[in-house]
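Structure first, commentary second.
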Amino acid sequence: MFEEALVLTENVPNRFETIASYLEMPLEVVKHHYDALVHDVEVIESGPIDYQDHPDGILSPETKHVEKDKKRGRPWTAKEHGEFLKGLDEFGRGDWKSVSRKYVKTRSARQVASHAQKYFQRQDMENHAKKRSSIHDMTLVDDNDADVNE
């Protein structure tokens, strides 16, 4: 209701007083809600938010201003990557759940799928770099320059 009242009173003079009257709340509470909303929007625009610590998935007024650092995963080891390749060989592309269950037991199916995506992107980049040059990639040589070099 608060956000709806904000929209309805966008160009109204004494906006917060009008909202306080409409919602039957004290003016200080309306201003507090507005400040919290502005802060939450800034947090959302600054990057990912982790709601996992909150059972209902909603930040309570006491924890609205708590921000968490972006979590970074741990790098894949050579052993894990080797197991990934074995699983890829056995199950093929797409069965990441089986690869994670039988080969890369230290990673979830989602992590294996993400690793596979990055792996195949790197493979495509390497294959693209190894491609033979085309005649269309070459530049023309001026006849005068060719005579000088002979």
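Placement of Cβ uses the backbone N, Cα and C atoms for every residue, glycine included.
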Of 79-114, 115-150, the range TrEMBL labels region 'Disordered': 115-150
For the domain 'Myb-like' (68-120), the mean pLDDT of the predicted model: 87
Residue counts (helix, strand, coil, in that order) that DSSP gives for the domain 'HTH myb-type' (68-124): 37 helix, 0 strand, 20 coil
